[in-house]
Every structure is written in C-alpha cells, then in structure tokens.
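Record features (TrEMBL):
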DOMAIN    5-43  domain 'Sphingolipid delta4-desaturase N-terminal'
TRANSMEM  43-62  transmembrane segment
TRANSMEM  68-92  transmembrane segment
TRANSMEM  104-122  transmembrane segment
TRANSMEM  150-172  transmembrane segment
TRANSMEM  184-204  transmembrane segment
TRANSMEM  210-231  transmembrane segment
C-alpha cells in the first residue's frame with residue numbers, strides 16, 4: 001500500500017489556460033475548423049426519441065417485481081439517463097438551436113431533464129460555463145472536489161464509496177463551493193420537474209417513479225459511463241489536466257470523451273469533435289488519452305497515489321464574470 005495522498009501533492013497555482021493557447025494555434029493553422037461551429041439539429045430529434053424511450057420504459061416497469069425494476073433501472077435506464085445528462089451538456093453549449101436562439105436551448109434543456117427526475121438543466125448551464133471560463137479556479141470551478149472529499153475519500157474502500165456517491169457530490173458541491181442566487185429559470189425548471197414526477201406517480205405508480213430516480217442515481221455512480229467524470233480532468237499524469245477518451249462509449253455520450261477537443265472548442269457540437277481531431281491531428285494524437293472508462297474507474301479506486309485531490313487548481317486572478 002502506498003502512502004496517503006495529500007493536497008500538497010497535487011496543488012499547483014497556474015494562471016495560464018492551455019486550451020485557449022492551443023485553440024489560437026489551431027485556428028491560425030486550420031481556419032476551416034470555424035465551419036464546424038454550428039448547431040446540430042439532429043440533436044433535437046435524438047433527445048426527443050430518448051425522452052419517448054424512457055416514457056415507454058416507465059410504462060413497461062410499472063407492474064414488474066421490485067427486483068426487476070431495479071435491474072432494468074441499472075441495465076437500461078441508467079444508460080439513457082446518463083446519456084441524457086450529456087445531452088443537456090450539449091444543450092448548455094447551445095448546440096441544439098444555436099447561440100441566436102439561446103432561450104430555445106434553455107426550454108429544450110428542461111424538456112430533456114424530465115426523465116432524469118431531478119431539476120438539473122438550468123443550474124448545470126450556469127456552473128458549467130464557469131468550468132470552461134475558469135477551469136480549475138479555486139472556489140469557482142465546482143467540478144473540483146472539496147478539501148473534505150480529498151481528505152476523507154483517500155483509501156481504496158472510501159474511493160469506491162465516493163464513486164458510488166458521485167451524483168450526490170455533484171449535486172450538493174456547488175452549494176458549498178460557489179453558491180449562486182436562485183434564478184426564475186431554475187424555479188421554472190424545478191416546478192416543471194416536480195409536476196412531471198407527480199404525474200408519473202399518479203398515472204403509472206411508485207415503481208415507475210423509483211425506476212426513474214434509481215436510473216439517474218445508479219447511472220451517475222458506479223457505472224461504466226461514469227468513468228468520464230474522472231477521466232476528463234484527474235491527473236493520472238502530473239502536468240496533464242485534461243484527457244480525451246476515444247472508446248466506443250462516445251456513441252452514447254455525444255462524444256464527450258473528446259474532452260481536450262471540447263475544451264479547446266466548446267462551441268463545436270460533440271458530433272463534430274472527431275473532425276477537429278482529424279483536422280488538427282498533430283495537436284491531439286500525442287496527448288495522453290484513454291480507451292476504457294472502466295479501466296479509469298478501476299485505476300482510480302486501486303491506485304493509492306490518486307484521490308479526489310488529484311486535480312489542478314488555479315488561483316483566482318482579476319475580475320471574474322460568473323453566470
């Protein structure tokens with residue numbers, strides 16, 4: 001067993017933004033990449049079909065035994081609901097209707113939110129924009145675990161529990177790190193979601209409601225797709241803070257695995273990120289990357305030198321314009 005990891009092992013103060021630097025270089029060399037900065041209308045139809053698929057699943061599980069409700073929540077519903085959170089990630093970047101129809105994206109995000117069961121879309125948009133503008137900024141980027149998480153979840157067993165509880169930490173961490181005043185869109189998101197949940201319970205029953213919520217909790221916790229939470233920014237190699245994943249699960253996650261490409265060009269829809277890598281191959285092919293999110297989860301839990309501390313943090317500098 002290795003020694004216990006401390007914050008000092010991983011905390012450096014950086015003021016540079018490597019993604020911005022690489023973006024400038026790539027655009028200077030390959031200006032044709034600007035043609036990829038356009039909305040993806042197919043995203044709209046894919047999301048509508050995903051919502052309808054989960055509605056059908058809610059109906060199909062309503063009379064099953066409880067063991068089968070939970071089984072299908074993990075085996076099927078978890079994949080749909082986790083994929084839907086990444087669809088909401090696309091919508092947060094205005095990839096459905098474009099920047100000129102920003103509010104259309106917000107309303108559509110609330111629609112996509114419905115099968116997840118927890119009002120999430122509007123708040124995610126606000127915090128995720130900070131993640132891109134101020135990647136790793138202490139007290140601003142709520143993607144970075146708290147000091148408590150790094151201190152407590154430091155052993156193999158505790159890290160395993162932390163992976164299971166990831167959705168709870170992602171939900172409540174912003175309230176401790178960077179709380180923001182409630183907006184009217186968040187109120188609407190909450191009212192719409194609670195109303196939807198009540199309707200599911202009233203017309204289909206408790207099993208359908210439990211299936212929906214369990215699918216979200218299980219799908220965002222100990223699940224192969226959840227490897228992306230750790231793969232994206234945890235420093236398995238010192239000095240590399242963002243990693244891409246080029247495995248098959250990109251098909252279910254709107255290419256969120258192309259994470260270096262995404263942070264370099266957050267206004268390019270996931271559908272086009274493989275083209276970014278293809279055009280500017282010399283900038284990406286030699287960067288460390290993953291081919292298995294399952295292996296990322298295993299290595300995170302089993303490697304004593306990696307913990308929730310294993311993130312690069314930047315000192316806040318100057319004025320920050322927050323959502």
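Keep in mind that glycine also has a Cβ here, set from the backbone N, Cα and C atoms.
All annotation found in TrEMBL is predicted automatically rather than curated by experts.
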Exercise. List, by number or range, the same-chain residues at least 6 past the transmembrane segment (210-231) whose CB is under 8 A from its CB atoms?
Worked result: 54, 57-58, 61, 69-70, 72-74, 76-83, 85, 115-118, 160, 163-167, 170, 197, 200, 243, 245, 249, 252-253, 256-257, 259, 290, 292-297, 300
Seminar exercise, completed: Given the transmembrane segment (43-62), its same-chain partners at Cβ distance under 8 Å and 6+ residues beyond its ends are 68-69, 72-73, 76-77, 80-81, 83-84, 87, 90-91, 95-97, 108, 111-112, 114-115, 200, 204-205, 207-208, 211-212, 215, 254, 269, 271
For this session: Residue list, the transmembrane segment (68-92) vs rest of chain: Cβ under 8 Å, 6 or more residues beyond ends.
Result: 40, 43, 46-47, 50-51, 53-54, 57, 61, 105, 108-109, 112-113, 115-116, 120-121, 124-125, 128-129, 207, 210-212, 214-216, 218-220, 223, 225-226, 252-254, 256, 269-270
For this session: Averaged across the domain 'Sphingolipid delta4-desaturase N-terminal' (5-43), what pLDDT does the model get? Just tell me the whole number, please.
Result: 77
